[in-house]
């Protein structure tokens, strides 16, 4: 081996690349010819013998990039680790090897090239192989040959298998045509520029220049064309056999793996990611919404993610799966009630109460809109038939089924049928909006999509994967156009002809603890892209027990839920359930009359609805008939959650449900409920800095991680000291298992095993009650320290002239200014700035210096609850207004998919 001193290649050098990392090494290529390689090496200045045994990240770029792609991994390399990033032969600043456009250098040769290079370098320590694009197959091929060294595998926007029957990227196919290959890839820098142009927002000019640096002339770009020519699109392509060998060999790798993805990639698709997940079932996954093919450039934080993953998965033994925290008196929450365990001691499934009523003729579910009802006995028979029908369709345990069906009997049957065979339901609000819904469903990667005709048409346009089953009737021509394979009636019929042992099928998917994934539930997206939240059977069972206790269900209770997920839980809670005649994607469509009709139809005693839905009920109360008022008078408990519930709203509701105890539990998609409080308690507590959400439920532990005074500094150690403001952390048996395909998000949200960082900020009072002061991302970081928004907003909203208020931060973090944006009552101009009298009144009540007071007609809120203010959007708008710009509408219109049940 001959190694020159560390130095950059001749000519200018990218400013964000440390020239001390640059070195050249002479090593034989696959044919045995000595070639000069260029590589980046964090230990370039050290004698080879001293560093050969260091744990190493071996990073291989693809086409048309070079080792520059990995500069952030080198810059953040921790003590005790080494990063080596070679330029593949003929790429970057490495010497070309044999090959031309007619006979390009093949993947097998490149794997052998890399093998001989690492041999020359004498690598003998643990190696984590890292690859992007075509570097993924090359480094994976190296990994399968060096299992004695391999300790991990990281792949970013790549693929190991391409089905010849499925059309590959049009961009690559076009570039690979004989008429364009040389022009696009070699004679001009079109291919290089095109790769960088995929990023949104556009990459900085310096980064684009850095990517282009080795490829300025046609002579430098010859191997770019060879790489494209070597993409094995045909069955008989010379590289097909090697790619297939590597794709099968990685199945045998038993090391940790991390798959990183930018979903906007037009070359490597979600199908390629799912294929990698199937070949590496142990892999962690992180998808960065909005990122494209060059995910390492679009999301610079990827380097921190990789090193955090290495520390978690490679540097130490993986932590055991989280044990359930103890419930009341040391009993696991899922087993807190007698009968929650099966006779053989194994955990009962979450739906055991529904199954226990398999012969009960009592009503289980009522559809107010259609007039349909189903008994517990009929429900059990229908669930069994549909479950067997799903099996006959080919659905297997662990596969994902997206449910785009209105709340009611069909959805209830479908969900319980999926659970009976170990399938995982995917639930995303249609009200998220078409684009967010598309992102959510594509990210979840369902194997089957079951939906009403409008939903199936929308998912086809959204390019959501999965086989299609229609819930309802569809003309044969449309069935063919939407590629519908079956309908619910057909599943029922097929299931009735089957005698499959559902319990045996379900148990085949359970792990050693009798557990398995059962649901992916998407968050509302109120503070960023909607996230998939994975629940396992044990967590769902624990949640149902906590819900049942919080709601106080007794033997004779009946349940109306104006919130789709809770309506599904009715049978599993052992109580009859109904959804009012409303559009569940629009809480404001619930009226007092439709709620009363649902209560009357079922004889309901317990009601759950979001704050926005209840606000609509109060607004329309004058429309109630005497009979409807009498029906509401039979409600003994009313619950509302999902967003802060104003005490004024609860007080007005007491006139509609005079016999009801009003509760406002606190929680989130990741864990609900966590705390609970009644209107009576709220009246006793009075006002404070934030919203009082009560005391933790039995089995729930909650603590506060103090906020730093200066942004960027670490949070304080968690405490339970009264009056300390910080991020709320929680542990309980019913906290979610993980975020779906968001490893970095899950890692950040889990400060230690069993604990979840909620993203909410607040404090505990001297009596152990929890006060929520807002979201972490909405804290205003002023020069005097962090300012939380909710307390200020509550004080401002006591003004008669203010209907709603929002606190926003404007300016750089650490010197932000507090701006209050209000929705005035009628009679006050609703355009910024606020009238002087109103601005003065706001400043007097705020309690902190206020830089500006602005007026708007309405504030942007989340779609699911129509209650959570998007303070980030308000901050952007306020900054534009105060800078003299044209801000435009603060509340944009968002198209959404409507799901409504069948009407009479």
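A Cβ is built for glycine as well, from the same backbone N, Cα and C atoms used for every other residue.
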Feature region 'Disordered' in TrEMBL, mapped to one of the ranges 275-316, 317-358, 359-400: 317-358
Stated TrEMBL location of region 'Disordered', expressed as one of 1-22, 23-44: 1-22
Tally of DSSP helical, extended and coil residues in the region 'Disordered' (704-725): 0 helix, 4 strand, 18 coil
DSSP residue counts for the domain 'AB hydrolase-1' (55-162), split into helix, strand and coil: 35 helix, 23 strand, 50 coil
Integer average pLDDT (0 to 100) for the domain 'AB hydrolase-1' (55-162): 97
